[in-house]
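Participant: First the structure, then my questions, so here it is.
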Amino acid sequence: MGNCIINNGFTSFMLVVWMAINIFLFVWYYFFYDLGDQFFYTRHLLGSALAWARAPAAVLNFNCMLILLPVCRNLLSLIRGSFVCCSRTMRKQLDKNLSFHKLVAYTIALMTAVHMIAHLLNVEWYNNSRQGVYDKLSTALSNLADTENTTYLNPIRITSLIPTYFVFTTIAGLTGIIITLSLILIITSSMEVIRRSYFEVFWYTHHLFIIFFAGLVFHGAGLSNKCQFNHISTCFSQTWMWVIGPMVLYICERVLRFIRYLQIVKYRKVYSTDSSLIGCIVMRPSKVLELQMVKSGFKMEVGQYVFLNCPAISQLEWHPFTMTSAPEEDFFSVHIRSAGDWTNKLIDIMQKLPEGAQGPKMGVDGPFGTASEDVFDYEVSMLVGAGIGVTPFASILKSIWYKFKNSNPKLRTRKIYFYWLCRETHAFEWFADLLQVLEREMEERGMVDFLTYKLYLTGWDQSHVDHVKVRFDEDTDVVTGLKQKTHYGRPVWDKEFEQVRKENPTSVVGTFLCGPEALGKVLEKKCAKYSDVDPRKTKFYFNKENF
């Protein structure tokens, strides 16, 4: 329990607060409409469906206010920067922004379903009351406003009206249908299988949120009119008051992104004769494209990421990529793996460029902060990358090399453990040269213990096995050319964590992952398992990249 509190205590506390607010709003508004004397006659027509419609509406207001905030990337980066002097626990919450965004979205979906079902029942019961199906009081209440100088309680004014017609001909009904359909499309297209395989579908349908919020405001206005009919003074008409603030913030976010899109980005090239910066496109093994770019006023930190837009492929699509360059370099770079339609098209365009030509226009939004920014705040760091997930650690290791080269006295980190898991041998090639440079640098400075790295090959064939057998006795690895030999299979994480704890008995260890969710769950459990409750002993803090 103590270990869980160390890694998840504050997150759990924030979730409890959020859940408590939701429960309070639901319960308070439920009893407000279910027990309030001002709704006595409306309850006689509708029963408890009135309260069941209004209580979810209050919860929807609150969560629709929150849903945009976790995706305001510039706002989160600003907050992260202002928390530099605060505890790492506070900053870690910002790295869970997408998880919270999804949780709020699921709550909106649930409350929408309850709200919609309750109102469908309301319409049916209004119609039955108007037709005299129920008792005399219900019929009398429904007949109000049939004479002059009276207002009506039942919005259905025609006895022969079909309830479906009422739903499709009122502002509240039409906007409710539009909102519900938009929400269904947004949530279904956000499923993991669709987002991974058909990112464009996810990207475009997610922008239905514009229709969702527009419909939400008009839906409240439509209900406001109906509330006047029913003598209800407090209802969904307050929706705009809840969402106007986040909507303004998000509009500012999009304006800032557009301004950044207009800024000129140049590809960088290093001629063999001098160091003039013009443009550089490097095709790496394993269908990995490296882009080195220059942008005026661009400043980055280790592990940060940018969003790229290539108008030649799509005017609207923006894709996140972790930067592999170091802050000490005069350019920024990204490594792009062939993993979908957009990346395949970009690689095709780059490969067809004439030698020395500039690439297509590229819009760059960012940089944005991630968990990896905090890597130098720990005495000891464990870096775990899977496949192309090594990119943030390329930036970190490059920065370490520059800090050693410049004898930076501010470097607090005294030990780094680096693990890289790959399915194929070619994936190691583009990163091995950096590790070779670091190997030499550590040896020259007598700091061979500063960096411990282990590369794991998780897939191989018989020809590779035969090749390894022939060259097994060589001093360098047959795959990477490094002195550290490649491991085959997957790490035994219990053994690795036990070794780190043994070698650092009184340290705070930051564990950083850029890789699949399944591996993240394993590492998070190991961090909890091997953390000691005694503050004088080893503690592991888990951090994961989220896009």
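Each residue's number is its place along the chain shown, starting with 1.
Just so it is clear, glycine is given a Cβ too, placed from its N, Cα and C backbone atoms.
Quick paste from TrEMBL:
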- 12-31: transmembrane segment (TRANSMEM)
- 51-72: transmembrane segment (TRANSMEM)
- 100-121: transmembrane segment (TRANSMEM)
- 165-189: transmembrane segment (TRANSMEM)
- 201-220: transmembrane segment (TRANSMEM)
- 240-259: transmembrane segment (TRANSMEM)
- 257-374: domain 'FAD-binding FR-type' (DOMAIN)
Participant: Take the domain 'FAD-binding FR-type' (257-374) and average the pLDDT across it for me.
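Facilitator: Summing pLDDT over the domain 'FAD-binding FR-type' (257-374) and dividing by its length gives 78.
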Participant: For the transmembrane segment (100-121), find every same-chain residue at least 6 residues outside the stretch whose CB is under 8 Å from a CB in it, and list them.
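Facilitator: Sequence-remote neighbours of the transmembrane segment (100-121) are 15, 22, 46, 49-50, 52-53, 56-57, 59-60, 63-64, 66-67, 70-71, 167, 176, 179-180, 183, 186-187, 190.
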Participant: By DSSP, how many residues in the domain 'FAD-binding FR-type' (257-374) are helix, how many strand, and how many coil?
Facilitator: 21 helix, 40 strand, 57 coil
Participant: Which range wins on Cβ pairs under 8 Å with the transmembrane segment (12-31): 51-72, 165-189, 201-220, 240-259?
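Facilitator: Looking only at 51-72, 165-189, 201-220, 240-259, the most contacts with the transmembrane segment (12-31) come from 51-72.
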Participant: Can you work out which residues elsewhere in the same chain, 6+ from the ends of the transmembrane segment (201-220), have a Cβ less than 8 Å from its Cβ atoms?
Facilitator: 64, 68, 171-172, 175-176, 178-179, 182-183, 185-186, 189-190, 194-195, 236-240, 243, 247, 316-317
